């Protein structure tokens, strides 16, 4: 890979000292892992299923903590140090990516957000190089949703490699790949492990590699079925070590046959691990490893106000750009449907009350206000669910927060783009409403109150989308909130009937009240010159008293407050459900029900 840096930097060595994993099966009496995993090499964590490989990788990544006595350092830094955010790459076992971007866009936008000081042309060349090495050159312009499982796996890997991390963690990168592509992947890893910029520490979990792939691994970390460290060191000496350990044991002939029957060196090692003694062995003492590594590590503060990023605003601009591409180029049909829905909604409500407004019957106006608040409010809540809901459901937000986007940056960028909806949806709704009926107040007054309503309702939708872990639950919750808001709005039953304290939390109430005030002021102003003057005045005062619209409630202020509080809760839940590299975030996430490292 080409690099925008001239000076060669040091790599990230991973050092574990008495690192005890938090596993139900972990024996508290036994020691933890003690070893050093050097950079510039391909390191493989291997062992039978359930031996703790993924938990060990998660601990190195900082996604799971270890027991208190142990220590893990990444180049003498705590795994949760924010400084490491764009220096550690993690390829999950699941193929997590945006389904509405092309292959090139998926890899490029990720690399662009992490390599903030590199030129765009340099990053573009690196992306093409990585994709070419993974045999994806002819798939540049394909939407990722249309890719096969193996192709998605290659894009999944390319996302992290093109970002040029110093520490690259891969969870079963060869699953779903054929032999040819596996060879290409390992050839690429062999290139990047010793590049011109810095040596890269490559640590992977891998199951049953072929003989050829096993020969390309430099170092291995073998775990026994009971999660003991059987061996850590040079791959060439691994087989001799594990065989030496089991030769000292008295195995029956059938077990010996099982250990030695395979012709594959890797399989022999895995079979031998099944019978390896659990003697708390650490690592083989070679020139590049140590049985007792020194760790000088400073615990990161729980709260750190400084940001270890070269730019705060660049990632926001990149995310705005990507979101606009997704919205305008990929999902324009969906955007059109939502816009058309508001258009039709305004037309329908206008048609329903066209005759009543022509008769100047003021008594029907509260029903119009109620339906406007119900229809527009529910549509605004539901339409805003996709702002964060899609990224939460497909886990792309979690992946992106892991390495580069702070949750607040993510929220701010998406909210800026959502301003398009905030201003356009009330306009589309009122355009058709005013064609069918003509309220007494001005278009600007109606637009202003619906704009504030959209602010409140989209805030509710944003919060629901990040609070609910399942898409169907978020849609149900948004619908129920809109319905309950209308039921407690004081329309029927009225505010005086045991709803006095609840109506303040109803966006529907505040819309109805404010629209009533705007229209009634106009009716009263024209009552002196109209034949209906005395009738209007009587009806207006009756409605004011019946619905308690004369009470001091500050409707606009309450709508703004609902929108602001909902957005603050959205930021809090985004932070808690993210995997942003921070000690405060790590412990804060544990407060959320159902949270688990993904």
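Cβ atoms here come from the backbone N, Cα and C positions, even for glycine.
Automated prediction, rather than curation, is the source of TrEMBL annotations.
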Next item on the list: May I ask you to indicate which of 447-468, 513-534 is given in TrEMBL as transmembrane segment?
Entry: 447-468
Check: Per TrEMBL, which of 306-331, 410-435 is transmembrane segment?
Finding: 410-435
Next item on the list: Please find, within the list 282-299, 336-353, the residue stretch that TrEMBL describes as transmembrane segment.
Entry: 336-353
Next item on the list: With pairs restricted to those 6 or more apart in sequence, evaluate whether the transmembrane segment (475-492) and the transmembrane segment (447-468) have 3+ C-beta pairs under 8 Å.
Entry: yes
Margin query: As a test of reading the model: what is the averaged pLDDT for the domain 'ABC transporter' (14-251)?
Written below: 90
Margin query: Under 8 Å between C-beta atoms and at least six residues away from its ends: which parts of the chain pack against the transmembrane segment (447-468)?
Written below: 372-373, 376-378, 380-389, 392, 415, 418, 421-423, 425-427, 429-430, 474, 477-478, 481-482, 507, 510-511, 514-515, 518, 555-556, 559-560, 562-567, 569-570, 573-574, 577
